[in-house]
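Let me begin by presenting the structure, written as structure tokens, before commenting on it.
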Amino acid sequence: MKNQKTRRPGEVVFNAVLFAFSLFIFWQAYGISGFSSLSSAGTFPLAMSGIMIVTAASVLFRSMRLSVPQGGFAAFRREVLPPVVLIFSLFILAYSMAMKSLGFLAASFVFLLASIWFLERGRFSRALLLSIVSIVGVYIVFRLIFQVVLPEGIIPERAIAAAIGDFLKGGAKP
Amino acid sequence: MIDAFSYLFMSWLQPELLALTAIGTCAGIYIGAIPGLSVTMAVSILISFTFGWQVNHALALMNGIFMGGVYGGSRTAILLNIPGAPAAIATALDGYPLAKKGEAGNAIGLSTVMSVLGGFIGIIVLALAAPTVSEFAIKFQPRDYMLLAVMGILLVGSLSGESLAKGIFAGALGMLLGTVGLDPMTAEQRFTFGSVELMNGISPVALMIGLFGVSEALNQLHSLHLPAIRQRVDKIIPSLADVKKYLPLSLQTSAIGVFIGALPGTGGDIAALMAYDHAKRVTKEPEVPFGEGAKEGLVAPETANNAAVGGAYIPMLTLGIPGDAVTAIIIGALFIHGLNPGPLLLVQKPDMFWFTVGNLTLANIFLLIFGLTGIRIFTRIIECPKGVLLPLILLLSVVGAYSINNSVSDVWWMLGFGVLGYFMKFYGYQVGPVVLGIILSRLMDDNWRRAIISERDSVSDFFFNMLASPLSATLFAAIVLILISQTPFWKKFRAGGSAVPKNG
Amino acid sequence: MIGKLMGAAAALALLVGVASAGDFPDRDIQGIIQWGAGGSTDLVMRSVSPEAEKVLGRSIIMTNKTGGVGAIATQFVASQPADGYTLLMSAENPQLYKVMGLSNLDYGDFYPVNVLARGVPVLVANNDAPFNTIKELVDYVQANPGAVRMGSTGPGGLPSVVGGMLAAETDFKVTAVPFDGDGPALTAMQGGAVDFMPAVLGVAAEHVKAGRIKVLGIIDEEASPILPDAKPITADYPEFKKYLPWGPFFGVFVKRDTPDDVKAKLVEAFKAGAEKADFQKLLSDRGYVLLNISGDEADAFLRKWQSTTAWVVYDAGIAKKSPEEFGIAKP
């Protein structure tokens, strides 16, 4: 266990956010059933958020006593959120937002292609190949074998799959 | 007796059953390894799929998948820090640090052998003591389940890392997250903010994938252009000396696994966590500290979760009561195949019992074979460039989170917790207690309320009856002892007594 | 290049769509099961579907979407297009969503493709409990108000409704201890955590036959062939006739405004599934009564069920809102 002398950049802010969150959750937990009885639905959440408040306060207090880190916001940017983490996180965010509208297949393909291309710096053809292979693999395992119906979006894969199925059966439809 | 014998070896001798068991076990390993694909899901799909089959054929496939799946979760836990299933959470705690040191092959080899060992112990207990164990298991009352949950929570103490306060905070946060959603006991909504999507609560698997996997992937971006760690692949199969060394511990953790597995209210995930806690308490001098790649931290959960498989069959085959989620579905499958799984099954169709025992043994042998082959290829996964690996991990996490309940909101939770976990780790909070908390949350909350409702809200009656029941009193005493043994006073006393010089 | 690929795919899909318009189903159908894998609803649906798939000529991909006593699955199906490609495979619960304040939906928003079967409730007790019949139970509870512990599955579940009926007809004060389902509650009863509980016949029968628990009586007008010794409740309490027959049920539903030819095709498919001998044996072995009704007949059944149950839970003080608010008639 290291004995920490200076706090990490942004530490007080993070601890303060957790403390504020605990207070908010305690208030919400109180709203479930107040202090009505030991067997009510709100008892356990109240107890847990109470523990969160006490521990978060102690952590916050302790971190405030540590000396201020060097470098200010620049250090935070360098150590906690370097550009590559920030950009990749934005990719992920865009991906998950696009999943419902574009559908799983299209969104995942674009995400993989873009992020492999970005992280590997260039070599587009390799990124393209890897993305196609992985998407096909995931589709076979999850959609075909495990019958997880992934968000369909703009590619009507159920219809395509049905068409291919019919075609393989020689067009013989019952 | 002759009959029992012939059923015991039925699946060994009929080529079709043999093949189905092999296929099941092999598929199970991969199902277990992929986060989001679960044994429960696979087995329930098989119910429709095997509708027209003979019951033994269907069972052979399901048994194989169950055995393989419970083990398979350790693969991704060790290689990518994403436990393939909740039962492998504890495996990630020491398995992933081993992979970071280039010992992934060794870790997988050890976990395979230990899983098989645990599996065998589970089966032996199932074969020899099933009726006794199940009679004892159903004696557990809500109050006893609550005490078990408290015992599990004590693990927070050893998962806390640099600061106990931060560990307790994380544990309480996990417990609280476990209460989100429509409360099944009162139909009251807790922390749903009026949203229907939130009524289902936060999936522990989504939380686990986010906190462990995604946050680690984000963390890895910091060292994007460092070369990947070369994995040593020369020492995959653990030496006999190694196995011998861990044998006493693995017998204890297997026993924990069988019993927790046999309890109708708990399964392999809790078994593995409690075994990890046990290992941490009884191992005096680990070669490497726990959490940094201690082999004991790998042995304990892996033996326990596979031993829990045999355990889960105990109440199922003797009383028709499922020992966990998977056996609940297998009971359903038996119904569909025209059997009546219940307390009379053992009397009316003893062949089912012996068939299952024999078949599980077979699956366990296949587990050893399939588990020890192909490790080299698996370890290659983490040697591929991070620029390719990290996007793929993200893709797998997203599909995995979505598959749990076919819901996009689980994907959002997973990603949100990924970001939270990234910050938590940076500021010295451990994510382990959060996952522990969400897993134990309902066990604790629901059983506390059941217990106190039964006492009509009287705390004094609650304590009086707890101390009056031998079972509850024993559990309570164990908790008190564990707590005392973790206080600084006791540690000093122990250190002074044994006077072992400690360097570190 | 990607654009071209997508264009080609879209064109292909369009072609397929045109070629088979009016020819339902032209692709796989999704069945949303509102309860978890291994539960009664799940089992019934997974065993009725293989035969229905044969008639439809397409797979029914079954997906468990649990949570919110099934409200999440119900909401999901309601949000899908009314084209018959998304089925709701569910139990009785949606009929209580309105009074429980869980959702604004109920089976009025769906068309019953097939209400497959109904379960029969029984009252079972721990072997050591000091009562052997429903009458003895009621007398004992009246002598010791609040001291008897009843296994329950949460408000709106079968035990709470049966408990509500008993409370409405007799002076019946018990302590209800809620569990995650009737299976876990029965297990807890064997360990002595609760004294008695109302449960579905099929779930309790095997334990009764093995002598691990005892049956006090059956909440129906006639005894069941599965447990012939269980005395009907109407023998001692004829006033219960007005609630009966009552029990949980399972059904397959589509959105109400689905085209009629699609509805007809689905009705035909699930009728075939429900008429299969294997399926009927499975139901009767578990003590379920086959209904196999659809359309108007099913609607009438659903309305009667809703009016009986909603008022029972409201009078028992479990419901959050009055059935009157939603125009649910008093029985």
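Cβ coordinates come from backbone N, Cα and C, glycine included.
According to TrEMBL, the protein carries these features:
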DOMAIN    B:18-436  domain 'DUF112'
TRANSMEM  B:78-96  transmembrane segment
TRANSMEM  B:108-133  transmembrane segment
TRANSMEM  B:198-218  transmembrane segment
TRANSMEM  B:325-346  transmembrane segment
TRANSMEM  B:352-375  transmembrane segment
TRANSMEM  B:387-405  transmembrane segment
TRANSMEM  B:411-441  transmembrane segment
TRANSMEM  B:462-484  transmembrane segment
Given B:198-218, B:325-346, B:387-405, the one sharing the most C-beta pairs under 8 Å with the transmembrane segment (B:411-441) is B:198-218
By a Cβ-Cβ criterion of under 8 Å, what residues six or more beyond either terminus of the transmembrane segment (B:78-96) are in contact with it?
-> 32-35, 37-39, 69-70, 72, 104, 107-108, 111, 159, 204-205, 208-209, 212-213, 216, 267-269, 271-273, 275-276, 290-298, 300-302, 305, 308, 378-379, 381-382, 393, 396-397, 400, 432, 435-436, 439
Same-chain residues at least 6 beyond the ends of the transmembrane segment (B:387-405) with a Cβ under 8 Å from one of its Cβ atoms are 34-38, 41, 80, 82, 200, 203, 205-206, 209-210, 213-214, 217, 220-221, 224, 381, 411, 413-415, 418
With the cut-off at Cβ under 8 Å and a gap of six or more residues from its ends, the chain residues touching the transmembrane segment (B:462-484) are 139-141, 143-144, 147-148, 150-151, 154, 281, 451-452, 455, 490
Residues of the parent chain within Cβ reach of the transmembrane segment (B:352-375), under 8 Å, 6 or more residues beyond its termini = 3-5, 7-12, 17-18, 21-22, 24-26, 29, 56, 59-60, 63-64, 66-68, 71, 105, 108-109, 112-113, 115-116, 119-120, 123, 126-127, 130, 233, 236-237, 306, 309-310, 313, 317, 334, 339, 345-346
Mind checking which residues reach the transmembrane segment (B:325-346)? Cβ under 8 Å, same chain, six or more beyond either end.
-> 39-40, 43-44, 46-47, 50-51, 54-55, 58-59, 62, 66, 131, 267, 312-313, 316-319, 352-353
